[in-house]
Amino acid sequence: MTQPFRSELSRYLRTATVGGSILLIAAAIALVWANSPVSDSYFALRDWQIGPQALHLNLTVGTWAQDGLLAVFFFVAGLELKRELVVGELADRKRALLPIIAACGGVVVPAIIAATIGAGTPGMDRGWAIPVATDIAFALGVLALTGSRIPTSARVFLLSLAVVDDLLAIVLIAVLFTSSIALLWLLGAIACLAVYAFAQHRRITTPLLYVPLALLTWYCMHDAGIHATLAGVALGLLTRVRRDPGERESPASRLEHRIQPLSAGVCVPVFALFASGVALSSELLGQLFTNPISQSVIAGLLVGKTVGIFGISWLAIRLGIAKKPRALGFRDMFALSVLGAIGFTVSLLVADLALAGIGDGSEAEIAKVAVLVTSLTASLIGSALLWRRGRAHAARKDDSDVQELPGGVDK
């Protein structure tokens, strides 16, 4: 592969709409494959175990994609979030507070709705956690495809909201479904992060230190029994974003420029390929609106996430606790709140954990189908709303441009 071709390919993959398109194509392929006559080959490949057993890394291909490749995406997300917190949209404390408040609303309200509807149903004593998570990769992918004319502050809000949301989901998974956390491995991960932060402070730049250190951090986090993607977010947030005198670009900008094409072109699509294959059947689809588990998931995601994110955000802004993102209206924020209902992969994971061993296994399957259908519905509704808001923003910009021209008509 020639250098000019590599450069052009990298530039192409950095385009948000391209990354979003590849992600959704991979998800569609997985869904078709998992429900085709050769579906056995999909599940056999996804469940194939590979890796050194001695290091407790004899994981399935699907787990490698979810815990390994997705950690790269979370690292890039951490870099973006750190930049916005230090020098960008979230440098204003009240604007930084809004996605945190919104994420809390987006966890609490769905949990209450799911617990209320599913009360007394076997498995729902922990199954209420299924609709609390937002799938950051898919939500940002849909936004990239359908919200290109929305102000960039929309991506910042959704990114920061989804990161906080996923961190809360990871805490819930640790509390509800992890029998014990290996404290020594957790301390090892914290020590690795401390070394990384110290190296950043001392302006050390060699990848010979950072690559092994990042891998060791991921390994310690994994063996501690905590979702290993957390290592990616933590490393991203510890990376320096301000340039020193004489520096052409900061370490965060340099790393994001190099890793973003890998994340968008390889890591996220492969993750989507192995995470999106849900087997559908007419029997399961027929129970979708009658089974209390699926009712809990659908209402929790579609209603709970939207109302929780938007309602708490609206209240915080009205009370002066937080500030609205720049150039965004409440209608924009409502559309973004609908995208928050794309639970997808994290919700599928929680469904597996919460409903494993309950009944004949159909409970987990109906929950997964509910997650899939609801996430697709949220994607379509959110896309339609974003498209309408994009047209409104474009029309407003055109009107503004006309007014600035000589002889333009004032409003």
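Glycine is treated like the rest: Cβ placed from N, Cα and C.
Same-chain residues lying 6+ beyond the ends of the transmembrane segment (18-38) with a Cβ under 8 Å from its Cβ atoms: 12, 137-138, 140-145, 263-265, 268-270, 272-280, 372. Annotation source Swiss-Prot lists transmembrane segment at 18-38 (among others).
Per Swiss-Prot, the feature transmembrane segment maps to 59-79 (among others); the stated evidence is sequence analysis.
Feature annotation from Swiss-Prot assigns transmembrane segment to 97-117 (among others). Away from its own ends, the transmembrane segment (97-117) comes close to residues 90, 124, 127-132, 134, 157, 160-162, 164-165, 168-169, 172, 292, 295-297, 299-301, 303-305, 307-313, 316-317, 321-325, 337, 340 of its chain (Cβ-Cβ under 8 Å, at least six residues beyond either end).
Sequence-distant contacts of the transmembrane segment (127-147) (same chain, at least 6 residues past either end, Cβ-Cβ under 8 Å): 16-17, 19-21, 23-24, 27, 70, 73-74, 77, 106-107, 110-111, 113-115, 118, 121, 154-155, 158-159, 161-163, 165-166, 168-169, 172-173, 176, 268, 271-272, 293, 296-297, 300-301, 304-305, 335-336, 339-347, 350-351, 354-355, 367, 371, 374-375, 379, 382-383, 386-387, 389-390. The transmembrane segment annotation in Swiss-Prot covers 127-147 (among others).
The transmembrane segment annotation in Swiss-Prot covers 167-187 (among others). Sequence-distant contacts of the transmembrane segment (167-187) (same chain, six or more residues past either end, CB-CB distance under 8 Å): 103-104, 107, 126, 129, 132-133, 220-221, 223-227, 229-230, 233, 346, 349-350, 353-354.
Annotation source Swiss-Prot lists transmembrane segment at 218-238 (among others), citing sequence analysis.
Per Swiss-Prot, the feature transmembrane segment maps to 261-281 (among others). The list of residues near the transmembrane segment (261-281) in space but at least 6 beyond its ends in sequence, with Cβ under 8 angstroms from a Cβ of it, reads 9-10, 13-14, 18-19, 22-31, 33-35, 39, 42-43, 45-46, 61-62, 65-66, 69-70, 72-73, 75-76, 137-138, 141, 344-345, 348, 365, 368-369, 371-372.
As annotated by Swiss-Prot, transmembrane segment applies to 297-317 (among others), with the evidence given as sequence analysis. Beyond its flanks by at least six residues, the transmembrane segment (297-317) meets 97-98, 101-114, 117, 128, 130-132, 134, 161, 288-289, 323-324, 330, 333-334, 336-338, 340-341, 343, 347, 351, 367, 370-371, 373-375, 377-378 of its own chain at Cβ-Cβ distances under 8 Å.
What Swiss-Prot records for 338-358 (among others) is transmembrane segment, and it gives sequence analysis as the kind of evidence.
Feature annotation from Swiss-Prot assigns transmembrane segment to 366-386 (among others). Using a Cβ-Cβ cut-off under 8 Å and counting only residues 6 or more beyond its ends in the same chain, the transmembrane segment (366-386) has close neighbours at 31, 127, 130-131, 135, 138, 142-143, 145-147, 150, 278, 280, 284-285, 287-288, 291, 293-294, 297-298, 301-302, 305-306, 331, 334-336, 338-344, 347-348, 351-352, 354-355.
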